[in-house]
Every structure is written in C-alpha cells, then in structure tokens.
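Novice: Below: one structure in structure tokens.
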Amino acid sequence: MKHLLLLTLSALLYCWVSADTRCHSCYKVPVLGCVDRQSCRLEPGHKCLTTNVYLGKMWVFSNLRCGTPEEPCREVFNETNHKLGLNYNTTCCDKDNCNSPAPRPTPALALISLTSLAGLGLWLLH
C-alpha cells in the first residue's frame, strides 16, 4: 500500500512539474538576435528544441520552440539539405527555459553601432 501511494504521489508530482515547463520560441538571426520572441508551454512527454542552421561553417539562423505531437524533438547532428547546401543541428532539453536564446540587444548597443556606422559613412564621403 505504501508503494502504491508513493508511486501515485510521484506521478502526480511529475505531471505537476512538467505541466509548467516553458520553452523559448523565436527565430534567432545574426545581428538582430531573437525575432518574434515568445514563450510556449511544453506538453507532457515532449521537449524544448533548438535547431541551428549553417551554410558551411557559417551560422545562418536558429529556430527555438516547443516540441509538439505533430513535430516532436528529434536530436540531429550535421543533417544536410543537399539542394540548399544547409546543415542542421537539433538539440532537445526538458528543463524550464533550457533552450535559452541570447539576451536581447540593448538599445544603447544599437545606438552605438548606428552612430559608428554613420560616422564611418561621413568619413568615407569626404
């Protein structure tokens, strides 16, 4: 009887913890970082995923999202799309926000970058 009670409590605790697991969801691109950043709730039995896409050795973009019954997370390393010449790496994780994107770019950093580019443009015009 003790074992049945312990098993039931463990199952309830697992369902309660996994029901609140969240993943980041966005398309991450160079310079801009995560575009359309959101959060999704992970369904029980599924995992967060991050797919990194490369052209040769150059990173092109990443797709962060929750795995779903229609598109579950399947880890893949160096899968190649021969028509486009792209390589894909997909990793899976099941902790809260484990597929963490890079921090959002700060407005100050963007302002410094734009000011530097404007200064360079003016210098080139002289």
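Just so it is clear, glycine is given a Cβ too, placed from its N, Cα and C backbone atoms.
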Novice: Choosing among Cys15, Cys26, Cys66, which residue does Swiss-Prot name as bonded to Cys40 by a disulfide?
Specialist: Cys66
Novice: Look up Asn78, Asn89 in Swiss-Prot and give me whichever carries the note N-linked glycosylation site.
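Specialist: That would be Asn89, per the N-linked glycosylation site annotation in Swiss-Prot.
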Novice: Which of these links to Cys26 by a disulfide bond in Swiss-Prot: Cys23, Cys34?
Specialist: Cys34
Novice: Choosing among Cys15, Cys23, which residue does Swiss-Prot name as bonded to Cys48 by a disulfide?
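Specialist: Between Cys48 and one of Cys15, Cys23, Swiss-Prot records a disulfide, namely with Cys23.
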Novice: Select one residue from Cys26, Cys34, Cys40, Cys48, Cys98: among these disulfide-bonded residues, choose the one with the most other Cβ atoms within 10 Å of its Cβ.
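Specialist: Its Cβ has the most other Cβ atoms within 10 Å: Cys48.
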